[in-house]
Amino acid sequence: SGERPWKCCDLQTCTKSIPAFCRCRDLLEQCSDACKECGKVRDSDPPRYICQDVYRGIPAPMCHEHE
């Protein structure tokens, strides 16, 4: 499955399969080096990006705890 393209993710969607297939919809200032497909969010100011990769494996922890 390789390296997860994000260390953490707040807006993560994963399948219920084992292993899970996960996507992260967080808006980032820049994608990580591990992200292969980085997409710019249209009309974002300042510019924001979303890693378009699908990761197969253990879901990432959340970046921020929701209170």
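Positions of Cβ are set from backbone N, Cα and C atoms, glycine also.
Between Cys35 and the candidates Cys22, Cys24, Cys51, Swiss-Prot annotates a single disulfide bond, the one to Cys51.
Counting neighbouring Cβ atoms within 10 Å of each of the disulfide-bonded residues (Cys14, Cys22, Cys35, Cys38), the lowest count belongs to Cys38. Counting only the Cα atoms, the space from Cys22 (disulfide bond) to Cys9 (disulfide bond) is about 10 angstrom.
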